[in-house]
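Participant: Annotations for this protein, taken from Swiss-Prot, read as follows:
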- 922-936: compositional bias 'Basic and acidic residues' (COMPBIAS)
- 19-124: domain 'Cadherin 1' (DOMAIN)
- 125-233: domain 'Cadherin 2' (DOMAIN)
- 234-340: domain 'Cadherin 3' (DOMAIN)
- 349-445: domain 'Cadherin 4' (DOMAIN)
- 446-555: domain 'Cadherin 5' (DOMAIN)
- 570-667: domain 'Cadherin 6' (DOMAIN)
- Asn38: N-linked glycosylation site (CARBOHYD)
- Asn248: N-linked glycosylation site (CARBOHYD)
- Asn274: N-linked glycosylation site (CARBOHYD)
- Asn562: N-linked glycosylation site (CARBOHYD)
- 812-815: repeat 'PXXP 1' (REPEAT)
- 886-889: repeat 'PXXP 3' (REPEAT)
- 904-907: repeat 'PXXP 4' (REPEAT)
- 1-18: signal peptide (SIGNAL)
- 19-683: topological domain 'Extracellular' (TOPO_DOM)
- 705-963: topological domain 'Cytoplasmic' (TOPO_DOM)
Amino acid sequence: MVGCGVAVLCLWVSCGAAAGQLEYSVPEETERGVAVGNLSADLRLPAAAMSSRNFRFLSSHRELYFGVDLPSGNLVVREPADREQLCRAKAACVLTYDLVLEDPLELHKIRIHVLDTNDNSPLFPAGDVQLHIPEFLTPGARFTLPNAQDDDEGSNGILSYSLSPSQHFRLDMGSRVDGSEYPELVLEKALDREQRATHLLVLTARDGGLPARSGDAQVTIIVVDTNDNAPVFERSVYRTKVPETAPNGTVLFRVQALDPDEGSNGEVQYSLSNSTQAELRHRFHVHPKSGEVQVAASLGPPETLLEAYIEARDEGVFGLASTAKLLVEVTDVNDHAPELDFLTLSNPVPEDAAPGTVIALFSVKDEDLDSNGRVICGMSSAGPFQLTASFDNYYSLLIDGPLDREQISEYQVLITASDSGSPPLSTRRTITVSVADVNDNTPNFPQPQQELFVAENNGPGASLGRVFAQDPDLGKNGLVSYELLDVISEGPSASSLLAVESSSGAITAKTSFDFEQLRGFHFQVEGRDGGIPPRSATVTINLFVVDRNDNYPVILFPLPRNGSVPVEIVPRSARTGHLVTKVVAEDADSGSNAWLSYHISRASDSSLFRISANIGELRTARLVLPTDAVKQRVVVVVRDHGDPPLSSSVTLGVLLSNSVPQLLPDFEDVWEPGGQLSAQNLYLVIALACISFLFLGCLLFFVCTKLHQSPGCCAQSCCRSTEDLRYGSKMVSNPCMTSATIDVTTVERLSQTYLYRASLGLGSDNNSLLLRGEYNAADLRNLATGVGLNLPISCIQIRNRKGDHANVNAMPRQPNPDWRYSASLRAGMHSSVHLEEAGILRAGPGGPDQQWPTVSSATPEPEAGEVSPPVGAGVNSNSWTFKYGPGNPKQSGPGELPDKFIIPGSPAIISIRQEPTNSQIDKSDFITFGKKEETKKKKKKKKGNKTQEKKEKGNSTTDNSDQ
């Protein structure tokens, strides 16, 4: 509460200058900091003097509700004061403080009156009120209600009470001896518990404050019952009929009377009234609680009407009672039940039977008399049936509506025949009516159109799906067979692609589907039942072929021509990002299976080129350096995004040149590393070549020196011409040599030449020839003769030696099928060659000799052996052709070696060396260098079975690229 203005009630000063008393007033709950009065002004002291005179403010209360603001000299509120808490029930609430000043000493009393505010609402200490008022009280009765309390004083206290509206009660104020008032509840209208047992009222107390406050209490009035109602029967007269033979204890009926009173006033007991004749009282028994009326003795002869009275009385202090009449008619005993006799019964009934069709005809009879012999016939069934009386005691069971076997195949018809006796007797007969099936339902497919998804590349006979039609008919009428209708699809007929199993509806494929050729089609399947006449329905099936990743990407550009590598020319001044070419490819698949990406799988210089992964543009990744090789090869792989992915590749040749050459170089050689690596290889080749020439010169000089110094050397053998030394030598001084071996060895790629080396060892006492492989006697003679060694068979020793050389066979072999003659292989090969591929040994008609394969024109001869071009070579490309047999072979001398050794399958070196067992070693190395000549490819169509090929000079090469 905020009090802004403070009234000074009284101000005086007593005891002269030594003492004084000040009084102030302030409303309760005033907020902190509000000024109550100005002490400085009231004491006639400046505000500064209060501090200088050691001003002290003393209080007897625990809490300091008020204080002095020294700068202004005001008396201010420190804590809000609650009058109800400080003074409780006191009429006046005053707080006293002492004010002490020194120099001179002064003592002042301060009295602060805390004024009441309306901050409390009226409150009923007892809470809600509950009153029990009997319903027999008359109007005017008074009932005291509790007072409300309000902690406020004066006009803020309670001034008035009020009551919620009620037609039975009003509020009045009563006075006590001391003059205080209290509220009273006055009964205005009599209460009736049976109408309303509880009344709810609200008592409100309101004070006189501004604004006014109020408090409520709920007054619950419970009406106490009194026995003011008599029991009432449901009926005033109860009538019944009882057979004369009813046994004792038979319940005739149950009576019931209701009393609206409460408790014992509403509890009812039953008994026979005193108004009942004495001779009838022993024939009936009434149960006092349930009100059942039972037979206690024989009721007498038939057709007798007995009259009795039943009394119902409550258990109140003054019990109230009421009576009801009982009329009991004794009737004849109905001891015969009706009888049913069926004359005709049709079962089963076809479901297409027309309404009015007679199912059964029967008669009824009862041997009782009068009403006991009158029979009433009824029927109970869930089916469309009707029971009709034909004539006297004859009934017909008819069809009253359509039958549907698919919904209900069997009905239970209950026929009841009851007489009119009391109680009536009846006979029940249940007839089972079966409904025979008729073909009245057409096969039904769940959907008129269905979709079928089939993955391509399925195997013939694979199951694709199943069609199913429902026919609710029975037996053959519901047995559906399926047939493929070949009337809808365009293009190939559906019957050529599919088959439908007639009994199960299973759809199988006759062929394998290809998404790229056939993406989908539609067809119809007919479902026909076995009824007479049959019914049918069709379903349209849309078959969709689902794509699989079964097609490799096809590169459209660039394409190799005649098996050569496509070449692009890039100026050496090209900047970074220069477009070299664009690889164009397509994929016959669809979706992600046809989404292609490009990347470089191999390149002569991986840092020189880059390719766009999405569009396939091959561009330079950096500037062309002077050290970059002129010829660059790039392998671009095109890969789709299927699962698993498929890919294709193309090899591109890139010529780094500022001008267009008249003749494009060959890009089919070995992969060359670019940049600094190529220059290093060039220096290495030059160094190796120099060292090789120096070594061979020294070796040749050493061999010649040894030959001249050999003691067993004749002039003829030592003075051979250079041509003789080049191809071989004849040994005459010793019939047996220490060892003779024939090795086929490859050399490093030094230049575009072949190296043939023959090494012979002399002067050994071990007369044996060492060969690798297995030979017969004829082969050994041919071998000895072929290498120019006149040795007897006894001087030849066969020894198997582990190594990479294979056995020598007499038959020629075809070239290696995996060999590709590229430009890179014209310089040499890093491989080992089988001995048997170096030459063919055969015994001619003139004696043992050796026929070496030579490069010759491929003129076909009837008895000549011919070696076809290597695998991978083109038809018109240069190839190796070998001729074997007696077709004009070039005979070699016994001491000569052929001038050229041609090895089918791979270029190689044939070396013939003899190794003595002693430390004396004589070696003669013969080195020849022959240039290979490259020729252009020539195409020539074949007519007939065989054609002749043009002769080529030198060693021929192929133009297939090694990818």
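Any Cβ shown, glycine's included, is placed from N, Cα and C.
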Participant: Which one is it: of the glycosylation sites Asn248, Asn274, Asn562, whose Cα lies the shortest distance from the Cα of Asn38 (N-linked glycosylation site)?
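Facilitator: The answer is Asn274.
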Participant: May I ask for the distance between Asn274 (N-linked glycosylation site) and Asn248 (N-linked glycosylation site), taken between their Cα atoms and rounded to an integer number of Å?
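Facilitator: A Cα-Cα distance of 22 Å.
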Participant: Sorry to bug you, but what's the C-alpha spacing from Asn562 (N-linked glycosylation site) to Asn248 (N-linked glycosylation site), rounded to the closest Å?
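Facilitator: So the Cα of Asn562 (N-linked glycosylation site) lies 126 Å away from that of Asn248 (N-linked glycosylation site).
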Participant: Where DSSP helix means H, G or I and strand means E or B, what are the helix, strand and coil counts for the domain 'Cadherin 5' (446-555)?
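Facilitator: Split into helix, strand and coil, the domain 'Cadherin 5' (446-555) gives 8 helix, 46 strand, 56 coil.
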Participant: Looking only at Cβ atoms, how many others are within 10 Å of the one on Asn562 (N-linked glycosylation site)?
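Facilitator: Taking all protein chains shown, Asn562 (N-linked glycosylation site) has 11 Cβ neighbours within 10 Å.
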Participant: What does DSSP assign Asn274 (N-linked glycosylation site), in three states?
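Facilitator: It is coil.
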